[in-house]
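Swiss-Prot annotations:
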{"type": "BINDING", "residues": "E168, P169, N170, E174, W182, N190, D191, R198", "note": "alpha-D-mannopyranose binding site"}
{"type": "DISULFID", "residues": "C66-C78", "note": "disulfide bond"}
{"type": "DISULFID", "residues": "C79-C90", "note": "disulfide bond"}
{"type": "DISULFID", "residues": "C107-C202", "note": "disulfide bond"}
{"type": "DISULFID", "residues": "C176-C194", "note": "disulfide bond"}
{"type": "DOMAIN", "residues": "86-203", "note": "domain 'C-type lectin'"}
{"type": "CARBOHYD", "residues": "N131", "note": "N-linked glycosylation site"}
{"type": "CARBOHYD", "residues": "N170", "note": "N-linked glycosylation site"}
{"type": "TOPO_DOM", "residues": "1-20", "note": "topological domain 'Cytoplasmic'"}
{"type": "TOPO_DOM", "residues": "42-209", "note": "topological domain 'Extracellular'"}
Amino acid sequence: MMQEQQPQSTEKRGWLSLRLWSVAGISIALLSACFIVSCVVTYHFTYGETGKRLSELHSYHSSLTCFSEGTKVPAWGCCPASWKSFGSSCYFISSEEKVWSKSEQNCVEMGAHLVVFNTEAEQNFIVQQLNESFSYFLGLSDPQGNNNWQWIDKTPYEKNVRFWHLGEPNHSAEQCASIVFWKPTGWGWNDVICETRRNSICEMNKIYL
């Protein structure tokens, strides 16, 4: 009897082993499928919202630098390589001297616009990146020359966010704003003729992932 039961026991163990491997294989397949679905959902969630902008920026910038922003959601803020990061914006300091309109065009071609200062902290950060020997165009102008200053992105021109040098603006023919370092007061805004050639500062919103 013992000799007859041994093959059955071996066959039973083989069948159990086969079943276990089958269950394991199915489990792995299901997990893989879930992973793939998760990746697809994540891909569409991430790139569905930012894909259009990333696609547009790809023609201007070859790479992005991303920074962890702690517990914020989304947690990664990205700027084009060599741009400066502050708050929710990226900044590029251009050393090419151009007239105001060409400076703005240069920013637009990089997916940005001339800088708009919303806070003193923002300006304080930017001036640390500037060369005191040069002045830089801002995204602020007075197209009609009637002291009706306007930001390039339509941000309201607030009285509490104005950093003009003492006595500025002072001439209706000077319809564009620049930031310049004057001793002993330091950095401040000055109205200048738009057709003069100056350096400039570009600003764009960060890309969040």
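Using the three backbone atoms N, Cα and C, a Cβ is placed for every residue, glycine included.
Contacts of W182 (alpha-D-mannopyranose binding site) defined by a Cβ separation under 8 A and a same-chain sequence distance of 6+ are given as H165, G188, N190, in order along the sequence. In this structure, the C-alpha atom of C176 (disulfide bond) lies 6 angstrom from that of D191 (alpha-D-mannopyranose binding site).
Closest in space to C90 (disulfide bond), of the recorded positions given as N131, C194, R198, C202, is C202, taking the CA atom of each residue.
Put simply, R198 is the one of the binding-site residues P169, D191, R198 whose Cα lies nearest to the Cα of N131 (N-linked glycosylation site). N170 (alpha-D-mannopyranose binding site) has C107 as its nearest neighbour among the disulfide-bonded residues C66, C78, C107, going by CA to CA distance. Pairwise Cα distances among E168, P169, N170, E174, W182, N190, D191, R198, the recorded alpha-D-mannopyranose-binding residues, top out at 19 Å. Broken down by DSSP into helix, strand and coil, the domain 'C-type lectin' (86-203) contains 17 helix, 42 strand, 59 coil. The sparsest Cβ neighbourhood within 10 Å, among the listed disulfide-bonded residues (C66, C79, C90, C107, C202), is found at C66. Comparing the binding-site residues E168, E174, D191 by how many other C-beta atoms lie within 10 angstroms of each C-beta, the top residue is D191. Ranked by Cα separation from C66 (disulfide bond), the binding-site residues E168, E174, D191, R198 are led by R198. Less than 8 angstroms from the CB of R198 (alpha-D-mannopyranose binding site) sit E97, K98, W100, S103, F134, S135, Y136, F137, S178, V192, each of them six or more residues away in the same chain. The Cβ neighbour count for C194 (disulfide bond), using a 10 Å radius and every protein chain shown, is 20. When Cβ neighbours within 10 Å are tallied across all protein chains shown, the highest count among the recorded positions N131, P169, N170, C176, N190 belongs to C176.
Remark: C78 (disulfide bond) has L64, T65, C66, F67, K206, I207, Y208, L209 as non-local neighbours, by Cβ distance under 8 Å and separation of at least 6 in sequence.
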